[in-house]
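Trainee: The L-glutamate binding site feature in TrEMBL is assigned to A:R46. According to TrEMBL, the feature pyridoxal 5'-phosphate binding site maps to A:A80, A:R81, A:W106, A:T157, A:D176, A:Q199, A:N241, A:T242. Summarising the annotation, TrEMBL assigns domain 'Aminotransferase class V' to A:8-352. Taken from TrEMBL, the feature N6-(pyridoxal phosphate)lysine covers A:K200.
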Protein chains: 2
Amino acid sequence: MEPNQDTVFNFSAGPAVLPKPVMLKAQQEFVNWHDLGSSVMEISHRSKPFIQVAKEAEQDLRDLLNIPDNYKVLFCQGGARAQFAAVPLNLLGESTKATYIDGGYWAMSAVKEAQKYCEIDLFDAKTEIDGKMAVKPASAWSIADDSAYVHFCPNETIDGIEINDLPVTDKPIVADMSSNILSKVIDVSKYGVIYAGAQKNIGPAGICIAIVRDDLLDLANDVLPSVLNYKILAEGESMFNTPPTFAWYLSGQVFKWLKDQGGVKAMEAVNRQKADLLYSAIDGSDFYRNNIHPANRSRMNIPFQLAKPELDATFLELAEAKGLTSLKGHRVVGGMRASIYNAMPLEGVQALVDFMREFEAQYA
Amino acid sequence: MEPNQDTVFNFSAGPAVLPKPVMLKAQQEFVNWHDLGSSVMEISHRSKPFIQVAKEAEQDLRDLLNIPDNYKVLFCQGGARAQFAAVPLNLLGESTKATYIDGGYWAMSAVKEAQKYCEIDLFDAKTEIDGKMAVKPASAWSIADDSAYVHFCPNETIDGIEINDLPVTDKPIVADMSSNILSKVIDVSKYGVIYAGAQKNIGPAGICIAIVRDDLLDLANDVLPSVLNYKILAEGESMFNTPPTFAWYLSGQVFKWLKDQGGVKAMEAVNRQKADLLYSAIDGSDFYRNNIHPANRSRMNIPFQLAKPELDATFLELAEAKGLTSLKGHRVVGGMRASIYNAMPLEGVQALVDFMREFEAQYA
């Protein structure tokens, strides 16, 4: 079966679904943007029309996250993995140590890169409560006195773990928010650096946003490539090198869509509703299972397993036929995973839950 | 006047015009690609359909440039400016010196970044012949015996200078081909590394291609961020981090279009025709002037000045009204510049030449 585009709900963990109205508008103006006779991707990043796109995107993001004036908003390349190197090389200064909180795969990926540049004070925050995976409360995290900063990843896409509290520290807090930025209200003023690859909650792959407190701009190591240097990017208004203009434009369109939806607070309410709906369906059945303690269940990435794993392939095949795509779990944990970022509508989760009930009725 | 999309010829230096058939196809399948009900940018880079896109793009590029099997083709992020750091950090090995040929602004931008990592053996290749800017023949370039590699930029977009010969050396030759890759036949086997930001002759901004001889993959410096490490990128098939999937897809579509046009040899013939047409118009008039010696005139970027610079603004305004856009010269040199990459059709250059004649008749 070839799914019809109107009925497909795409649960990809990333690159992920983008808001349909944004995609339709971008399609409509794809070859002739603003009646220029050119695509937005065919004009100079230094032209007035593109500068306008860039500035509006930044301002809309500032409005959405209520970003204080003493923070720079940088549009970078290289994704979050480039930031895994950029963070220590920008922030260590004279220091030789940083604290990393281990909450899962992505937190440890950041460690693997950072340990090339400094000593890692690693705190394993993972624990088990009532046989479920959980994260120790941030008040219990140990942080070395001589750390330059504290890094954590508040949403782990593979296990489906979300951390809802913040390190208790006077060090700069650095957060990899690639998978949950803009999904709920946060207090940016509590952070030193927030970074996020776009391809989950922002826009297409190929652009990464860094929100950097301006007192942290003067610490860069000499060996840091200029394209990853926060100060150089800030001084060049993220145009030190040619930025990924189409990805910047499309991210800006997503920001406008988010404002139209009522902003981050409104998205948080819908995201809560979506996650509650799916977790309730899982918890209300012996046929489905999620292994994360309720306190740390991600609202963005919801893995679930069947009581009969031998039915996984059938589940995925029938789901696909219903237009419920990309539900296969990460190879590390198997089973299923529904990624339900901002752009996934409530109806998509409802359709998934309906399908899960039908499937259970037939195969349990 | 609002130009109509069918009559606009966009001479932007980059991000630049893309082939119209490619843009129309991408628009048509923008929200529902391959009947998946999703955009190509909304699916996992590790999904079968995207892997197919990635592999075809690589193979088509290999076919177009006749890339030998002992070269890796890498799809990177961060543009050519990231390569300015990646090149020394990947290639120096135990060496502490590299030779850089100064042919203009971009060559020197690479020097500025590389000198953070090594001693620069700089050779100034710029010269003057008959009062015109020129480049000394490569046979006259001095190259230090203890250099790890020789770097040059064969096409300088700002001055409009092209270098058509190669360093005479047994060191690896590294070329920044951002502005002339795929515009003419080259012998890849003569190079150690060729890199090129996409936004001129390949695709949209946000992707950069590096073609690396495989014996150079084992020299990386420990401080090199992994996202710029050629070996890591090669081992991960350019998916060590989430690649810019839409830019990769669109670049692949450009490669297919190039094959449809008859490949690089056919493009070279058209590019020669386009450049000859414009240079002839300039040389055949006292009203227009180009300051580059014929031996080094770029076929991609053609700057020209009016005999009466006070008419620059009028020229640009009337050109724009005719749908001839982005002709303003770089701020460093002023005047006009026509960038005529592969995607600029011969009719576009003809329209420009016609306009130049009309303008001269009215204002000379």
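In case you wondered, yes, glycine gets a Cβ from its N, Cα and C as well.
For the listed features, I'd like the structural context: burial, neighbours, distances.
Mentor: The number of other CB atoms found within 10 A of the CB of A:R46 (L-glutamate binding site), across every protein chain shown, is 12. A coil conformation is recorded for A:R46 (L-glutamate binding site) in the three-state DSSP classification, outside any helix or strand.
A:R81 (pyridoxal 5'-phosphate binding site) falls within a helix when secondary structure is assigned with DSSP.
When pLDDT values are averaged over the domain 'Aminotransferase class V' (A:8-352), the model yields 97.
Look at A:K200 (N6-(pyridoxal phosphate)lysine): DSSP puts it in coil. Around A:K200 (N6-(pyridoxal phosphate)lysine), a 10 Å sphere centred on its CB holds 31 further CB atoms from the protein chains shown.
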Trainee: Select from A:R46, A:W106, A:T157, A:D176, A:K200 the recorded positions whose C-beta atom falls under 8 Å of at least one C-beta in chain B, and return them in sequence order or as 'none'.
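Mentor: Listed recorded positions passing the 8 Å Cβ cut to B: none.
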Trainee: Let me know the DSSP-derived helix, strand or coil state of A:T242 (pyridoxal 5'-phosphate binding site), please.
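Mentor: Assignment for A:T242 (pyridoxal 5'-phosphate binding site) reads coil.
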Trainee: Measuring CB to CB from A:Q199 (pyridoxal 5'-phosphate binding site), give everything in the same chain under 8 Å that is also at least six residues away in sequence.
Mentor: A:G14, A:P15, A:A16, A:G79, A:A205, A:G206
Trainee: Using DSSP and collapsing to three states, where does A:T157 (pyridoxal 5'-phosphate binding site) fall: helix, strand or coil?
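Mentor: Note: A:T157 (pyridoxal 5'-phosphate binding site) is coil by DSSP, not helix or strand.
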Trainee: By CA distance, which of the binding-site residues (A:R81, A:N241, A:T242) lies nearest to A:K200 (N6-(pyridoxal phosphate)lysine)?
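Mentor: For A:K200 (N6-(pyridoxal phosphate)lysine), the closest Cα among A:R81, A:N241, A:T242 is found at A:R81.
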Trainee: Look up A:W106 (pyridoxal 5'-phosphate binding site) in the DSSP assignment and reduce it to helix, strand or coil.
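Mentor: DSSP call for A:W106 (pyridoxal 5'-phosphate binding site): helix.
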